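Only one structure is covered here, and it is reproduced in the block below.
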């Protein structure tokens, strides 16, 4: 990328970017929520679109001069609808959390009841955690996974819903390696008169590629991030398979008298002006580019390889004696329970960092350690697959991770990390990130 001007004008920021570029090029990214965008996406995000304010929506802006940003947003919406087969989409949320906030605020009042997957069982902060707005503004109850299988027990979800009677049920996760039975969740939601929201931030790319169950026919609302397995810029999005009249009875005045607003109108108003002002048009342009890329046949090939790599890695970890929560993976990630390895998540994360491998410590179900220590690590294959790595590489990576973890208590661990880091660097340079070079 051309950074000559930045290098001359602000060497400190340039050096930080150059350092991060080298880190991404020469170390292995296994954080499940991270990926690498294309150069085209980065160019769109670094374009003159960043200069334009565009409060409102295409054709209905509060500012003039929006004819070209309107084109970009319309392209993003059109491509997202085609990619996910949805009738409604809003591409303006700044993040997945913003998207979730907009949905919750659009159908709930403070104190209303919600249900979501427990954070320590693989859920997300915005699904009802007590430290998040979702658990502070609303009465939240969490369902979890079975202690023995590590899989969500739908019978227990139904029992909880019938007892708690939530206004909204959330199905989705940030550290759950199995799929979601959206049909079963909808049946439960209908029994208690609840809205159903699917948060597909992690598997969105795999769903778009047709590899995992489609939530659109079953869920009232679907939210996602646009990075992770979608390989777009960091951002959020809200979708609905079908638009419908809002059941809250919100009306709008027309020349023929009041009419009930469609849910799409309510949602658009909740995003802007409800929780946001001006959209990030440079990011929306990047989203449009990423969605266009995801519509190509090569993207499905990529998504298939992501799952193959995850399956191969999980299989090797299991053969090496690791416990994978839920027993395996059906998507791009896995959660390793390290309690039988006498290493906590914090130590494992730090040692692997020294070995050139980036993961994140993560709580496991029924964890007795704090979120700052944890008993597990979360691993994902989306980013390594973008580099072109295949199943044999995934197997090798599992073996290299095992060398570090099993040697954690040895006096030679520093040397082990150094050796593994050299192997990882070689592997990364054999599978380069094209066009990411920055000259220090």
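Placement of Cβ uses the backbone N, Cα and C atoms for every residue, glycine included.
As annotated by Swiss-Prot, (6S)-5,6,7,8-tetrahydrofolate binding site applies to 119, 123, 124, 125, 370, 371, 372. When other Cβ atoms within 10 Å of the Cβ of residue 124 ((6S)-5,6,7,8-tetrahydrofolate binding site) are tallied across all protein chains shown, the result is 24. DSSP classifies residue 124 ((6S)-5,6,7,8-tetrahydrofolate binding site) as coil under the three-state reduction.
Summarising the annotation, Swiss-Prot assigns site 'Plays an important role in substrate specificity' to 227 and lists sequence analysis as the type of evidence. Counting only residues at least six positions away in the same chain, the Cβ atoms of 33, 34, 35, 37, 233, 234, 235 sit under 8 Å from the Cβ of residue 227 (site 'Plays an important role in substrate specificity').
Look at residue 228 (N6-(pyridoxal phosphate)lysine): DSSP puts it in a helix. Sequence-distant contacts of residue 228 (N6-(pyridoxal phosphate)lysine), defined by Cβ-Cβ distance under 8 angstroms and a gap of at least six in the same chain, are 32, 33, 34, 35, 201, 202, 204, 205, 382. What Swiss-Prot lists as N6-(pyridoxal phosphate)lysine is 228, and the listing cites sequence analysis.
Of all the binding-site residues given, namely 119, 125, the one with the smallest number of surrounding CB atoms inside 10 A is 125. Non-local neighbourhood of residue 371 ((6S)-5,6,7,8-tetrahydrofolate binding site): 120, 363, each in the same chain, at least six residues away, with C-beta under 8 Å from its C-beta. For the binding site of (6S)-5,6,7,8-tetrahydrofolate, formed by 119, 123, 124, 125, 370, 371, 372 according to the record, the largest Cα to Cα distance is 17 Å, rounded to a whole number. In sequence order, 116, 117, 129, 142, 172, 173, 174, 176 constitute the residues six or more apart from residue 123 ((6S)-5,6,7,8-tetrahydrofolate binding site) in its chain with CB-CB distances below 8 Å. Long-range Cβ contacts of residue 372 ((6S)-5,6,7,8-tetrahydrofolate binding site) within its own chain (separation 6+, distance under 8 Å): 346.
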